[in-house]
Amino acid sequence: MTRLRTAIATLAVLTAAVATTAGCTGDGADTRDTIAGPTPAADRTALSLSVRPKAHATGLPVSTEIGATVTGGSVEEVRLVDAHGNHVDGSLRPDGTSWVPDRPLAYHRRYTATVVAVGARRQHVERRTTFTTMSEPSNRVGTGMYVQDGQTYGVGMPIAVEILRDVPKNLRASVQRRLFVHSDPPQPGAWHWFGPRRVEYRPATWWQPGTKLTVRMALGGLPMGHGGYGDTDRSATARISSDRIELRITNRPKQMKVYRNGRLARTMPVSLGKADAPSSSGHMVIMDKAAHTVFDTRGIPGENYVAPVDNAQRLTWGGEFIHAAPWSVADQGHRNVSHGCVNISDPDAAWLFARTHIGDPVTVSGTGTRLAPGNGWTDWDMDWDTFVAGSALPVPDSVRNATAYDPYPRR
């Protein structure tokens, strides 16, 4: 095992940009129009529309959204074009508060937004605003997303977003607001901040097998604090496996049970962490897989070895893996001799590696050492109330009160 945190292959990290304040939430002189007209007794609400950003605003981030406030009706259409007449595609947020471009706007470019609202009597009002984006910044904040386009994941897969600089607390809501997850079929889910650099999304219960996930991390050009701006947008479309694979590992007896779609598929003996390097007990998911790798702990106090291993599957950032360990076969099922990893035989490791996915749930119990929050993708190691409490935005009651997975049910 290695306790060095290594880069997971699924994390795409680039570098990023700089600037000031978000235009999509700006206040001030909104352009406004109102249509009253003859009002029937049953409908006395005038149609009123205000739009953001304010007319002739300059120096706006390229993450700017087109905001609209409507009374007596709803937004029917938003059109956005640049100074060259190029149309920008986008869509309304579900709550109708703003229109989000499908990609970051261009730097130092003038845009014209046209918003059309419709009232209950099919009357329309149209407003237009023109604004200019900021010059390209030099201070870019690197970001990454642990979901890759076209991949298949296990039912416990979280949507993990990493930011390579601390996000101030007062900006976390604006960052979270630019993270989009769509599941088909729909399933309630929420975001949770694991400190100032990482935010993760999970559903209330494991993903339904076969779910299609469409994810967008729309942080390109978003103000991140301290003069820094998000580096780029990232998006991915992925699927959840049609097979629900679950691993349950116990210290007494020292074994792993592998379940496929709720039915026991295989039981295998294990050797866990020895007394001075115990394995963590808790609810995890497989984070990464490597058919062949090298554990190199040189330079880590108390550990100094280089070991090639096969069929390694990461469970924690701290260096706990499931992997083939032919040197401990005689101990497997009887004694704990590892440095914290889950040792299994070569045949068992090869069989398991061929069937698992990144995101498959793994539970380890009975070791006497609790899994530390954030040491890996620990989204499932807390109850739903605790998880949603980590959101930087209000969580709707329909999500907060959803039937949820309970990692530690009371007996």
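Glycine residues also receive a Cβ, built from the backbone N, Cα and C atoms like all the rest.
Here TrEMBL flags H323 as active site, proton donor/acceptor. DSSP gives H323 (active site, proton donor/acceptor) a strand state.
Positions annotated as active site, nucleophile by TrEMBL: C341.
Annotated domain 'L,D-TPase catalytic' per TrEMBL: 245-365, in sequence order.
Taken from TrEMBL, the feature signal peptide applies to 1-22.
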C341 (active site, nucleophile) to H323 (active site, proton donor/acceptor) - Cα separation in whole Å:
7
Treating G and I as helix alongside H, and B as strand alongside E, what does DSSP give for the domain 'L,D-TPase catalytic' (245-365) in helix, strand and coil?
11 helix, 59 strand, 51 coil
Can you check which residue among the active-site residues H323, C341 has the largest number of Cβ atoms within 10 Å of its own?
C341
